[in-house]
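Below is one structure, written out as structure tokens; the observations come after it.
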């Protein structure tokens, strides 16, 4: 029978000093036999996805204590990728994932907490906490702050919605010289109306959806908007549930509730199956690979490639379409609705466990609105956006008049009526990416699935932006942005500005972009990232020259630099001859801090999740 970890610091005469300090935090005599549960919050006023979380830690804590536990809250950092985008701040985004994972480990192990509730939301916070949960392997429940409502422009005549908006629309309009200042400002003011994670199937929402599929979050975690009153129930339930999980593990020796027991290889494959089916952000590939490594699960790019070849695209939301946002996915039945369709297509392992319903199959039976779910589920998925700008959680209780149960032409489709039988994400291989690269096929126009173009080479994101806005990129070009990988950046910047500017220049369907960096979940078009190995690690992307021909073939999962092997060997030899300057950008002016240098020293390429290679450290 496992012992409560917290007894290390709460029991025995030699722990008198620790108990004295615990008492100074408010603990009473009767609390020392209870489980101590960490409430891992990520509130910050810097990030709209987290600005409303200040009081939610206390809400969870009150439920923990009502259920017989002791709650102790702490905060992690949280970087807003949108605000950090397009300047040196983006260098810090991906490395912050490792800091979050480490800081959670530090706090939980230093204070011998027995379990956790992780209150996350945005891009690197959910993955960082997920990595920590796998590392610590103590009972955990994830509950996110929830998605932002989509922005809306209404008719001045009848008030009806004439367009839905998000952050990406604001960026594209602002960069389009044909758009007036007045129109650009209207979109800017309307694009992000409420608290919550950005309203499309971007990285934050993708990851919060995937925690449902892995089995560590409650139904609706990824889709019910942050402002809705019914989301409060997820936080209350999380507080009660984590105490139950604690007792099952520590008092009943039930290890099935532990993260590593739930997040098995089959669970990671289920999550990736969902990811491909819903056209999730390409960043999710990095984060699932990283979390799997922390869990000790052998889940690799080859598994992702295998899954992507057999799973159809069953759901589309912005940026893959301007018709649907996450709030519309919720109305169609949320993640359990998509999982239900995948289950009926025999594409899931329904025996995988979770924190709330026994098995995935049981969860689908209870929550899939097209699979016979009861009245509670039918009501829950009617939760709608309120349409009132606010930074306050649970501030409205609007409901949809009807559910979207149309599996032929609706937001969520069945396999027979899939958006495409090819999934929403694909892994490409070739001499430009021997270890693979990722494309979000759900966001690529089918006319571009096979594409050949001329290389326009840039050694940094900043140079690429300047080149695109300066009309140095033309229809038929393949924009190459290199030395932006985990080690070469360092930090593997997102390329939302270059992809948005290609659209604003009218090149969204006539150009491609290939990089060893990564993309915001808001990027769409023929944009291919995560080239592995990256340029700084000797990847072939570092040998591409201006005007080279690049061949892209999504159906055959191929990307190829049309240069002979002899020429490539000569280029590689010339690069190696540069000595210490080999595999580094030429004439790039970028200040790299000591903190980023420390990350770069251990960073791996994207095919390993851009995690740190700790095997380099000597014991």
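Glycine residues also receive a Cβ, built from the backbone N, Cα and C atoms like all the rest.
Predicted, not measured: the structure shown is a model, and the values here were computed from it.
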Record says 123, 124, 494 bind Mg(2+). Source is Swiss-Prot. Which of 80, 81, 158, 166 does it list for that same site? 81
Apart from the site residues 81, 123, 124, 494, the 8 Å Cβ neighbourhood of the Mg(2+) centroid comprises 79, 84, 90, 93, 94, 122, 203, 204, 283, 520
DSSP three-state call for residue 81 (Mg(2+) binding site): helix, strand or coil? helix
For the C-alpha pair, I'd like the distance in angstrom between residue 494 (Mg(2+) binding site) and residue 520 (active site, proton acceptor), rounded off. 5
